[in-house]
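Remarks on the structure that follows.
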Amino acid sequence: MKSFIAFALVASLCALAQANEEGVCRNSVVSACGSSSFSALTGFFTGESTSICNARFAGIESIEPEVQAYINSQLTKSYEYLLLATHFNSYQKNRPGFQKLYQGLSDRSFDDSIDLIKKITSRGGIVDFNTRHESPASVSTQRPTLEVDELHSLALALDNEKQLATGATHVHTRATHAALRDPELAHYLEESFLPKQADSVRKLSGYANDLAKLMKVPDPSLSIYLFDEFLQKQ
Amino acid sequence: MVKFIASILLLAVVAQQAYGDFKLPKARKVTEISKTSNDPTNSVMKELKKQNKNVILTHANAGQEEELKHKLICSLEVPEIPKAWLDMKDACISGMRHQIQEEINASYQYLAMGAYFARDTVNRPGFAEQFFKAAKEEREHGSKLVEYLSMRGQLTDNVSNLINVPTVAKQEWRDGASALEDALELEIKVTKSIRKLIATCESKPYNHYHLVDYLTGVYLEEQLHGQRDLAGKLTTLKKMMSTHGELGEFLFDKNL
Ligand SMILES: [Fe+2]
């Protein structure tokens with residue numbers, strides 16, 4: 001405990017050196033350290049979300065609910081893609097290329113969700129998996145019918161990818177235009193999400209257009225077979 | 001260029017038929033652009049008409065658009081093949097579907113644990129990483145069971161409602177020990193659920209030998225080792241917590 005108090009003191013001295021605009025954390029440490037009981041200190045440093053000594057700064061207040069909504073969107077889409085991959089993995093569909101494409105998108109969305117969780121918590125935010133805040137960054141949990149043919153699935157995936165890119169763009173807009181701006185989060189989205197999403201949208205639009213062209217024949221079964229083979233090699 | 005626009009429009013028509021969410025004004029805009037592009041073969045419709053004349057596919061907004069006369073076959077017939085290899089029984093299939101959702105629920109619960117311990121004011125990165133890893137593993141367990149059903153010829157329909165997006169029972173914990181305790185309880189619940197599934201799938205009159213072997217050899221194996229691991233960690237942490245409290249948890253986290 002002693003070493004911890006010492007650490008807190010060092011931390012508060014550092015904060016002092018930085019001339020923290022309000023010094024709220026420092027003040028709380030000062031008053032807690034003067035208090036007669038340990039319990040005054042624990043309140044500030046345990047996991048209570050009301051702790052004054054936190055990592056929240058810049059536009060976190062306005063951006064937190066948007067990121068929460070966006071994390072839930074990514075998770076929802078991750079499972080939607082998983083089921084789309086499953087649909088193409090049935091013996092009646094038997095399209096390993098399409099399965100691979102959608103499984104990849106599912107894994108990506110899941111990994112991105114964890115990445116976003118780490119980001120928002122690193123900024124002093126929390127994640128709420130249960131409340132679905134209404135935002136352009138949210139998607140419906142109402143799942144569309146996924147038992148669709150190959151071309152429809154590409155159209156569905158293209159729409160999904162655009163929806164996710166639009167969601168990230170919305171969060172970015174909030175980060176750059178809210179009263180309190182958040183360049184750090186905006187930069188994170190610019191670096192880790194937006195370019196990757198632009199690529200993904202572009203890729204799917206290319207696929208959809210290619211397959212649509214190849215299917216302009218009386219019997220497209222061979223076209224789809226070949227296109228699936230192409231997807232497997234991607 | 002024309003081909004590109006043609007395929008965009010074609011796709012828009014196809015997608016609109018299916019989802020109705022492609023905005024028509026956009027599709028019209030494409031047509032306008034193609035008309036103003038001074039290309040003599042600008043009409044996408046004409047090209048399509050030339051190719052397929054047998055079936056008339058009326059555009060959803062025929063009042064404003066000229067009629068499209070083409071046939072695009074998107075959905076291929078499913079041919080008849082022998083069905084005798086499809087030998088999974090309903091009770092076992094629905095048990096599997098239930099187990100898949102259980103694994104996904106567990107994944108979500110672990111995600112919530114990871115998110116809690118990753119918080120700035122909680123700051124237990126060791127715990128957070130362990131729970132994120134568990135969340136990934138549970139998702140993997142779910143998707144491997146899904147793949148198993150596909151391998152056995154299932155999931156040719158009713159795929160859309162196989163997994164629902166769950167909510168989580170808890171999003172905050174008193175301390176690391178209480179989260180480990182919840183994790184152990186969660187694994188106990190999953191183990192029970194797998195045992196029940198095994199019982200269902202091996203019950204008379206039809207024993208799903210292969211699935212039962214898989215569930216026992218892979219899933220139960222992982223459950224039992226996982227439970228032992230959590231029980232050991234929880235015990236070690238609790239020993240330190242009783243006298244060293246916060247310092248015990250701090251050190252434990254760094255060694256996770
Ligand atoms: Fe599991």
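Backbone N, Cα and C atoms are what each Cβ position is placed from, and that goes for glycine too.
The annotation signal peptide is assigned in TrEMBL to B:1-20. Positions annotated as domain 'Ferritin-like diiron' by TrEMBL: B:86-241. According to TrEMBL, the feature Fe cation binding site maps to B:Glu103, B:Glu138, B:His141, B:Glu187, B:Gln223.
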Between B:Glu138, B:His141, B:Gln223, which of the binding-site residues has the fewest other CB atoms within 10 angstroms in the structure shown?
B:Gln223
Using the recorded Fe cation site (B:Glu103, B:Glu138, B:His141, B:Glu187, B:Gln223) as reference, state which further residues of the same chain have their Cβ within 8 Å of the centre of those residues' Cβ atoms, listed in sequence order.
B:Glu102, B:Ala106, B:Glu137, B:Val190, B:Tyr219, B:Glu222, B:Gly226
How would DSSP class B:His141 (Fe cation binding site) in three states?
helix
Whole-number mean of pLDDT values that fall within the domain 'Ferritin-like diiron' (B:86-241):
96
